[in-house]
Amino acid sequence: MKMNRRQVLKAGLAASAVYSPWMIARAQARPVKFAAILPLTGAFAFAGNAGLEGFRDAADRINDAGGIGGRRLELVVEDSGYDVARATAAFNRIVQRESPEELVFVYGDSTGTSKALAPEITRLRLPYSATSFSNELADPNTYPTIFVFGPTYNDMAGALLQQIRLQRGRGAKIFLCYSNSEFGRDPIPFIKDRAGKLGFQIVGEEVTPLAIADATPIVTKLRQTQPDFVIMQGYVLTVEPLVVRAAREQGIRATFMGTYYSAELALMQRAGAAADGFIVTYHNAYYYDTTVSAVEQIRALRRAKGRDLSYRTTYYMGTWMVLDAVAEAMRRAHAAGRLTRPGLIEALENLGDYNAGGQARNMRWVNHRLPFTKLWRANVRDGRFDAITDWVDGSKL
Amino acid sequence: MDLALVIQTAFNGLANGALYAVIASGFVLVYRATSVVNFAIAEFMLIGAYLTYTMSLFFPLLLALLLALPPAFIFGLLVERGFVRPLLGRNVVAVVMATIGLAAALDGATLLLWGPDQKAMGAADVFQLPKEMPNLAFSLGGVFLSSKAVWSLVLALPLALLLVVALKYSRYGVLLRAVSESETAALAMGINAPRVVAVAWGLSAVMATIGGAFLAGAAGGGGPGHHLILLGLIVFPVAILGGFDSVPGAVVAGLFIGLIEAFSQLYLESLLPGITQAIPFLIVLLVLLFRPYGLFGQHRIERV
């Protein structure tokens with residue numbers, strides 16, 4: 001049967017009338033996917049599970065408010081076991097299985113995994129962030145799709161060194177204790193370089209595994225070198241309590257310092273009174289700080305859902321903040337008709353005016369990182385960390 | 001060289017070594033009784049540490065540790081009855097795979113039972129401070145011994161030595177030796193071999209609990225958690241160095257590796273980062289090359 005032009009036009013109009021709403025509805029019904037590769041088992045399971053809870057709560061809040069332009073935000077979760085090979089396999093599974101139109105963001109774990117995956121993430125033009133705050137990842141020239149939702153370990157170390165300068169001035173004696181891992185080694189060259197410029201003396205250096213049976217050899221070196229400050233890096237509260245306890249037991253009065261992963265209440269819970277005065281960097285809000293509006297939002301959501309209102313860890317707060325900000329970027333990309341991987345990168349880069357409700361200083365990136373942090377001091381009597389500085393801009397240190 | 005420093009390092013190394021010795025002697029006990037290499041030994045430590053933690057929520061820490069031992073013993077019996085006994089006599093690879101599977105299952109079970117949160121002995125929530133054993137730390141002539149070191153030396157080391165003596169002189173020790181020589185002959189002599197084997201698993205779990213509890217901060221700092229599995233790997237070099245089927249060998253090897261680790265951490269670690277972690281395994285390589293039956297293992301000649 002041969003159709004004339006008029007009939008073809010009519011058929012086209014009829015088809016579009018029938019299919020367009022269906023197509024639109026189908027597009028809207030398609031979820032937006034956010035993949036999270038977290039250490040849900042193994043030595044870092046405490047951080048991975050808390051982080052997942054943060055993601056789930058944030059996703060519930062986003063979906064309860066209508067999702068991303070009517071599309072449901074869906075989490076794709078895989079366990080890494082804090083193992084680079086396992087995390088890489090999980091990443092490959094996810095990117096092969098999920099459609100690029102739906103999967104627009106991946107959140108990974110560890111400095112080691114993120115560094116291993118970075119070239120592939122860049123090749124796929126996939127927006128990515130991770131539990132890692134490695135300096136190497138905050139480099140948009142090399143890795144234009146990777147965002148670090150916080151200061152890098154160098155920024156954190158810079159803030160600690162600034163505090164040392166304020167407390168002690170030139171000539172301060174610093175002892176470095178770090179884990180023999182990517183995580184542990186990351187800021188060490190920066191610290192050494194910066195300490196030299198500030199006139200500090202690195203009087204000792206100790207490299208340990210991620211878990212140790214005994215802190216005595218470390219404390220022996222502290223006794224020999226008598227530092228004013230001990231900076232601990234690359235641990236997650238398995239080593240810091242042992243060292244600080246053993247040090248106090250032996251009468252060492254140095255000020256202990258750590259970065260983001262030491263900034264959890266478990267430090268005091270594990271080290272007891274010895275943790276008092278331990279200085280850490282931390283760039284989100286603590287769950288007990290009810291003056292922060294984001295904390296109120298979290299509590300309101302958990303109350304409404306009938307969930308446990310007791311203390312949530314820093315790992316929870318961090319992932320909540322990441323998904324809250326990424327969802328805002330998704331909304332903006334959707335509003336611009338570009339909820340794609342490149343569209344999301346552009347939206348993330350222009351997120352500077354977003355108010356994260358006190359969960360971050362602001363969303364203005366400096367080399368794809370948010371360089372602001374605060375310093376906090378462990379207060380064992382009250383069982384919390386007290387802020388001892390306002391926001392410190394790590395990019396200017 | 002500072003003599004006080006050397007003495008202090010030696011004592012602390014021996015104290016750590018005592019913990020390795022107590023865990024490894026339980027591991028070797030099971031191997032002697034059943035010829036099963038228990039790849040889940042680190043998870044035995046983990047379960048023991050969590051049992052101690054649970055008891056510590058209700059009792060003082062030392063009492064909590066003692067009260068954790070009976071359930072740990074029962075746990076060892078259950079593992080033997082549920083996992084090991086059905087596999088005895090099967091291909092060695094099947095039994096090895098079963099204990100690796102058991103390790104994964106126990107990992108998951110601890111997550112389910114106790115949750116993933118970081119914990120500290122005696123602290124029910126994150127706002128509570130930990131309970132501690134009485135502080136036995138002391139300083140003498142410039143030599144400082146931490147409370148953990150003293151507790152390890154007064155509790156773990158005598159226990160490991162007691163096991164050595166008991167295996168040599170007690171009736172159970174004789175029965176265990178008979179079963180390990182030939183289970184068939186032991187059964188023919190009227191020995192209740194399954195019971196002897198089950199007790200070995202129970203005792204192994206008890207030893208792992210003592211070691212695990214101390215490594216998890218029973219004497220201060222730290223807490224139970226999956227980092228214990230990393231620490232538990234030390235059992236294998238200790239057992240291989242000791243001879244794998246010798247409990248006295250495991251005790252001597254544990255003390256030796258504790259000493260080597262302590263001196264390596266003090267003198268070598270800053271020169272060669274990571275060396276302390278590697279040294280026990282380097283020793284194992286050397287042992288396997290030059291003395292495959294270890295320090296005290298039976299020198300068997302097998303004709304094939």
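Glycine is no exception: its Cβ is also placed from the backbone N, Cα and C atoms.
Any TrEMBL annotation is an automated prediction that lacks curation.
For reference, TrEMBL has these:
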TRANSMEM  B:6-29  transmembrane segment
TRANSMEM  B:36-53  transmembrane segment
TRANSMEM  B:59-79  transmembrane segment
TRANSMEM  B:91-114  transmembrane segment
TRANSMEM  B:149-167  transmembrane segment
TRANSMEM  B:196-219  transmembrane segment
TRANSMEM  B:225-244  transmembrane segment
TRANSMEM  B:274-293  transmembrane segment
Self-check item: Closest-packing stretch to the transmembrane segment (B:36-53), where packing means Cβ pairs under 8 Å, from B:59-79, B:91-114, B:196-219
Solution: B:196-219
Quiz item: How about the transmembrane segment (B:59-79) and the transmembrane segment (B:196-219): at least 3 CB pairs under 8 Å, pairs 6 or more apart in sequence, or not?
Solution: yes
Practice problem: For the transmembrane segment (B:6-29), name the stretch out of B:91-114, B:149-167, B:196-219, B:225-244, B:274-293 with the most CB-CB pairs under 8 Å. | Solution: B:149-167
Practice problem: Would you kindly list the residues that approach the transmembrane segment (B:149-167) from elsewhere in its chain, counting only those six or more residues past its ends and only Cβ-Cβ distances under 8 Å? | Solution: 11-12, 14-16, 18-19, 21-22, 25-26, 29, 133, 136-138, 173, 176-177, 203, 207, 210-211, 214, 218-219, 247-248, 250-251, 254
Self-check item: Folded-back contacts onto the transmembrane segment (B:91-114), same chain, C-beta under 8 angstroms, at least six residues removed
Solution: 35-40, 42-44, 46-47, 50, 53-54, 79, 83-84, 224, 226, 229
Quiz item: Any residues 6+ beyond the ends of the transmembrane segment (B:196-219) with a Cβ under 8 Å from its own?
Solution: 19-20, 22-23, 25-27, 29-30, 32-34, 38, 41, 44-49, 51-53, 61, 65, 68-69, 72-77, 79-81, 84-85, 120-121, 130, 132-133, 146-148, 151-152, 155-156, 159-160, 163, 172, 175-176, 179, 186, 225, 228, 231-232
